[in-house]
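Colleague: My structure is below; once you've seen it, I'll send some questions.
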Amino acid sequence: MEKKITPSELELNEFIKIINEMSGIDLTDKKNILALKLNKFLEGTNTKNFSEFLGKLKSNRQLKQETLDFVTIGETYFLRELAQLKEIIYYAKSLEKRVNILSAPCSSGEEVYSLALLAAQNFIKDMYILGIDINSSVIEKAKLGKYQGRTLQRLSESEKRRFFLESEDKFYTINKNELCTCKFELCNVFEEKFSRLGKFDIIASRNMIIYFDHESKLKLMERFHRILNDKGRLYVGNADLIPETIYFKKIFSPRGVYYEKV
């Protein structure tokens, strides 16, 4: 029987600090749940104790990625918060030009493909959607575009027939011929690579900011502002609290709330 690797209070706090520095995510409120889940994760890291794990985490690039994958696992599904997705597409269509959209984080691709699906239904062809995430496993799943089960539950049968290819094992694979250009990249919003992604008309950052501390939120707003085109829009999740900054103004419209680049 393998010995459990249990972190001390100080070690757990150090782990939370490292994750915050790497990603902006604040896990302080999830400390108790984290302590319970960490042991199983540590079994696959080939470390003798938590102190050794922390040492490796600071220098081992692969372990950093595996750890980020571990702490950023979340549930998502097609057409989540549908009213807001429709508003994004309504605004995109009103621009009457090629529209670039960034989905950050994109998780396993459901949000990106949902936007592309809605764009196709609204006869929008000249659109580019880039999905980014710091979790390498979900990025690979998004690129594959293969889904089954609960994540598809909000799609109609006609949508499945048009936008997916069904296999005998009940998996549904995205039919990319029916959609606009959708791409996915492994990217941390706080790293230099983010600044080189290009310019966007719309950023959908839903249900990520809720996990950031105040300082990280402010930093993120500045970075979003930098890659948005003039009058570009930021759409966030219902639970995301956005600090007041010089970069965006909050707009209340009949179709919902969004943040416009100042």
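Heads up, the Cβ atoms here are built off N, Cα and C, so glycines get one too.
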Colleague: Pick the one from D126, D133, D169, D230 that Swiss-Prot also lists for the S-adenosyl-L-methionine site with T76, R80, E111, N188, V189, R206, N207.
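Modeller: Among the candidates, Swiss-Prot records only D133 at this S-adenosyl-L-methionine site.
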Colleague: Ten-angstrom check, please: count other Cβ atoms within 10 Å of the Cβ of R80 (S-adenosyl-L-methionine binding site), all chains counted.
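Modeller: Cβ-Cβ neighbours of R80 (S-adenosyl-L-methionine binding site) within 10 Å number 18.
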Colleague: If you skip the near sequence neighbours and keep only those at least six away, which residues in the chain come within under 8 angstroms of N207 (S-adenosyl-L-methionine binding site), Cβ to Cβ?
Modeller: G74, G237, A239, D240
Colleague: Just counting, how many other CB atoms are there within 10 A of the CB of D133 (S-adenosyl-L-methionine binding site)?
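Modeller: Other Cβ atoms found within 10 Å: 27.
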